[in-house]
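What Swiss-Prot annotates here:
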{"type": "ACT_SITE", "residues": "149", "note": "active site"}
{"type": "ACT_SITE", "residues": "213", "note": "active site"}
{"type": "ACT_SITE", "residues": "245", "note": "active site, O-(3'-phospho-DNA)-tyrosine intermediate"}
{"type": "DOMAIN", "residues": "1-72", "note": "domain 'Core-binding (CB)'"}
{"type": "DOMAIN", "residues": "85-248", "note": "domain 'Tyr recombinase'"}
């Protein structure tokens, strides 16, 4: 199984530092699990990282899950195995969610629909209903802008350069909506299922649309946006729901 580490790393667009981290984590994983993967060995690996910090544990689980999925794709494994963090983390009201490393969200994946849904939430802070309502006519990729029309009003949101290729790929053949079938928007359940499948494939099972939107809020606050500015970006009637993120 160790011989597949380098081909796996080569299949992903990673920086030099990320390659080193992936290589280190996977060498440890393979050393403990060995050449034959089964649930007992995976449980052994989970126990071996149980006392690490939450961020380190999440990173190792994510890396191992990506590798396991890769091995399943290339038919090295006959079954799809997956590691889950069974440790429950207790939080007090004073504790806030931490900003996660989102590099993996931009990497190549077979789950392109779920990926784009998650990126639109991460990059723009959209709700699932706002994502579903994106119309082709309101996307201007040349000027990198999205005009979002909702019952609350109209917002013009800038599109980052990194988001453009993902949008270009999915705009091909669309008639009315970005997410549609022959001009008819997909159902709410369709969005839920595709988002769930994608985040699970990259090791973030349980990461909901609400939590992804929270990541946008945390990053915008960190970038220096005031509570009023952020409220306007999100199209909120009042900044009250954002107050918990701005408490010292």
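Placed from the backbone N, Cα and C atoms, the Cβ positions cover glycine too.
On the structure: features taken from Swiss-Prot.
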residue : record                                                : Cβ neighbours (10 Å)
149     : active site                                           : 13
213     : active site                                           : 19
245     : active site, O-(3'-phospho-DNA)-tyrosine intermediate : 16
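In the predicted model, the domain 'Core-binding (CB)' (1-72) shows an average pLDDT of 89. With respect to their backbone Cα atoms, residue 149 (active site) and residue 245 (active site, O-(3'-phospho-DNA)-tyrosine intermediate) stand 26 Å from each other. In this structure, the CA atom of residue 213 (active site) is 13 Å away from the CA atom of residue 245 (active site, O-(3'-phospho-DNA)-tyrosine intermediate).
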